[in-house]
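Report on the following structure.
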Amino acid sequence: MATPNTPFTTPGEPLGNDDGIISRKLDTICLFDVDGTVTIPRQSITPEMDMCLQEVRKKCLIGLVGGSDIVKIAEQIGGTQAIAKYDYVFAENGLVGYKNGVQFFEENIQKYVGDDDLQTLINYCLKYLSEIRLPFKRGTFIEFRNGLINVSPVGRNCTQKERDLFEAYDSVHKIRATMIKDLEEKFAHLNLVYAIGGSISFDIFPEGWDKRYAIKHLEKDNVKNIYFFGDKTFKGGNDYEIYNDPRTKGYSVTSPVETRAHLCELFGS
């Protein structure tokens with residue numbers, strides 16, 4: 001975990017006015033992964049975490065960056081209207097961007113990679129998945145998003161209990177890691193990145209389209225201090241690159257509870 005030279009006001013120090021706007025550091029952001037960092041994977045944010053983040057927002061900018069599409073992120077943070085509670089929300093690793101609740105950016109993987117190569121990749125994944133045996137399988141094994149392809153060996157339609165069971169099974173049998181290794185060898189010429197995220201899937205996207213993609217949007221807005229919080233910070237995890245980027249000060253966490261603990265240390269929130 002990085003130990004930043006925190007540029008914030010002292011925890012507990014009175015704010016400039018009742019709404020805290022005057023004392024906000026607009027060149028500083030706390031940027032959070034979603035699953036495993038501010039919520040339990042695919043679960044809703046708790047009132048305690050929501051309140052904690054809004055208290056932090058009185059002192060600096062706050063943002064979310066996730067691999068999921070904006071619909072799934074919105075579901076977890078309280079609905080579409082809750083997007084405006086964050087200064088920035090970056091879906092699909094920053095390939096879809098919202099600022100103060102309004103979309104300002106979108107990029108598309110099919111324009112970048114090309115439909116022929118994408119179809120070859122998707123067909124290969126489907127064939128691979130059809131040949132592996134798991135304790136169970138459900139539906140929606142491939143999900144096409146604007147900025148990435150999400151692959152779930154067990155299927156995204158599984159229940160929360162089944163998610164937990166697969167995650168435990170995968171930690172022993174390395175289903176996702178083994179498939180990724182195979183894809184890296186088969187499709188090396190496409191310069192794609194494969195990143196494990198959440199509990200049941202992994203993402204495929206062009207090199208450079210990981211969560212660091214969100215940083216360029218922040219740099220354009222002169223945000224200079226970026227404090228990133230994420231749980232998949234290991235090599236191969238979808239927080240690894242942004243966590244280790246020299247432009248960020250990273251915190252590796254294991255749960256929303258740990259995220260809140262770090263925020264309490266920094267802000268007294």
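Glycine too: its Cβ is placed from the backbone N, Cα and C atoms.
The active site, nucleophile annotation in TrEMBL covers ASP33. Under the heading active site, proton donor/acceptor, TrEMBL lists ASP35. Per TrEMBL, Mg(2+) binding site is recorded for ASP33, ASP35, ASP231, TYR243, ASP245, THR248. The alpha-D-mannose 1-phosphate binding site annotation in TrEMBL covers ARG42, ARG145, ARG156, ARG163, SER201, ASP203.
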Requested in this report: Please report the number of other Cβ atoms within 10 Å of the Cβ of THR248 (Mg(2+) binding site).
Outcome: 24
Query raised in the report: Looking at the recorded positions ASP35, ASP245, which one has the fewest other Cβ atoms within 10 Å of its own Cβ?
Result: ASP245
Query raised in the report: ARG42 (alpha-D-mannose 1-phosphate binding site): which of the recorded positions ASP35, TYR243, ASP245, THR248 have a C-alpha within 10 angstroms of it?
Result: ASP35
Report task. Return the single residue from the binding-site residues list (ARG42, ARG163) that has the minimum number of other CB atoms within 10 Å. Result -> ARG42
Query raised in the report: Counting only residues 6+ apart in the same chain, whose Cβ is under 8 Å from the Cβ of ARG145 (alpha-D-mannose 1-phosphate binding site)?
Result: ASP69, GLU92, LEU95, ILE109
**Report entry** Shortest C-alpha distance to THR248 (Mg(2+) binding site) - which of the recorded positions ASP33, ASP35, ARG163, SER201, ASP203
**Finding:** ASP33
Query raised in the report: With every protein chain in view, how many other Cβ atoms are within 10 Å of the Cβ of TYR243 (Mg(2+) binding site)?
Result: 25
